[in-house]
Amino acid sequence: MAMFPTALSSMVSFLSAITLIGTPSEIYISGTMYTYIAISWILSAMIAAHVFMPKFREMKFTSAYEYLEKRFDRTVRMCVSLSFSSMMLIYMAIVLYAPALALSQTTGLNIWLSVVSIGVICTFYSSVGGMKAIIWTDVLQAVVIVIGLLAVIVQGLITVGGFKQTFSIASQGGRIQFDSISFDPRTRFTVWSLVIGGCFNSLSTYGFNQTQIQRYIAIRSTRGAKQALLIDAIGGSFIVLLTILIGVIMYAYYADCDPYTNKQIEHIDQILPYFVMEVLGDKKGIPGIFLACVFSGSLSTISSGLNSLAAVIIEDFYKGLMGRQLSDERQALQLWMFLGAQITQNQMESDSLPLSIANCSGTMNSTLMNWTTTTMVSTFLKRDLFIDLYSVSYLWYSPIAVGTVVLVGVTVSYLTHPLQSHEIDPKLIVPVGDVCCCFLPKRWREWLQCGIDYETYRKRQNDNNELEMVTNDTQRSGRESPIVPLLDTNSNLFVTGRIKLQAKLMSPTRPNKNRNFD
């Protein structure tokens, strides 16, 4: 596939309707600290492009989790594949239902009509057209998403009074924030959680997610795949910045009459559809463009999810089932973590900034304000034993998980049967020293390879590539080269292959003359 369409397809695959509706609501409530997430996306894309993507292209896996079987064993592969499949099923269900619910409660659109229509359309063109159909429909949906967001921004700015007026009101309301540098992991958004934690979170998408890997393997060249990843991250950051601007515009419009506090909407996620219908509903075409934008976000995510899920299920489950299940103790631990987070979520301190209904019409304003304030104070006073544990920002989940896996894995491996460097296949290892620290002395870079002889493997790969190129040249010329035994220096075995030998013969009169033996 071509580089640019694939990059756009990757970009919109995880920019679902949840992002398009939820991000403006987040900015409306919490302010603009979330803008730093764009930095983490670009950083993680650069890491994935130079560290992980070349290795996956070299291995040519259909399922990204084939690597785990070759590096560890089949049980690890099946566990991770099961986790990915479960996550994608839940994620796609939310992508289908949540936007449909928000739209139905604000626009009157039937919720099940939305769910069924999106599901049927995605299933049809994903199964009939395959990857090529998904990529080109994603390109069209990316254009629709950008047009829809720009239409809302332009009309919103005109209604509020322009950029200057919008940011002046948002600044007075405390929504323009870029200076939260707290090291408290319970704070929802800080510079550190958004850049570091966000980098870990998005690296799991850019580096290891089946949906992304399928796309950059489909690109013709490694250079093109790197460019596609960077375009993906930059384009995704641009769209998120557009949604952030919409959140600022909405706050500027509702600064003195918040529809959520005033009970005009039931959930804060409904505020963007409510804003579009109330403020822009009389503008012909704008509500329709916004609706197309939201549905495009759902279509792109569902189609990509179906395609990647099909690949994982066929490769990892259909071709071999896992023979061992989780123990009762592990299931109980996971259930405890899940239920604990659900029970304590209403007791956690909120990072939401204050909202106002001072200029709303009606007689219940003061009563509503008093009730809201009293509820928030009483919530802060109630503390449970594990409240701090469950209050950790979601952006730190991935760094904590990675650190735990590395620490436990290294410890258990060392205590049971630590592998020697010669027992590890070099093709399964990324030479971090050469890729990320090429400026270091050679001795230090070799130390970072942990004793694995990657140089010999690299030379052997280069020799194989040269032999393949020579073989291709011979085949194009229409002549067969003789079968010549070759010595594999690593296995001490002779192998045969049709190659074209080139010898450099040195003579006093004609040095460095190339002579072909056919």
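Backbone N, Cα and C define each Cβ position, glycine as well.
TrEMBL lists transmembrane segment at one of the ranges 189-208, 429-448, namely 189-208.
Long-range contacts of the transmembrane segment (229-254) within the same chain, counting only residues at least 6 positions beyond its ends with a Cβ under 8 Å from a Cβ of the stretch, are 3-4, 7-8, 10-11, 14-15, 19-20, 23-28, 32, 34-35, 37-38, 41-42, 44-46, 48-49, 53, 142, 145-146, 149-150, 152-153, 156-157, 159-160, 165-167, 169-170, 173, 175-176, 202, 206, 212, 216, 271-272, 275, 279. The list of residues near the transmembrane segment (109-127) in space but at least 6 beyond its ends in sequence, with Cβ under 8 angstroms from a Cβ of it, reads 96-97, 99-101, 103, 133-134, 137, 291, 295, 298-299, 302-303, 306-307. Counting Cβ pairs closer than 8 Å to the transmembrane segment (75-97), the top stretch among 33-54, 139-158, 189-208, 289-314 is 289-314.
With a threshold of 8 Å between CB atoms, the same-chain residues lying at least 6 positions outside the transmembrane segment (394-415) that come near it are 185, 188-189, 193-194, 196-198, 200-201, 203-204. With a threshold of 8 Å between CB atoms, the same-chain residues lying at least 6 positions outside the transmembrane segment (289-314) that come near it are 9, 12-21, 62-65, 81, 84-85, 88-89, 91-92, 95-96, 99, 103, 107, 109, 114, 118-119, 121-123, 125-126, 130-131, 134, 137-138, 140-142, 144-145, 147-149, 151-152, 209-211, 214, 273, 276, 280.
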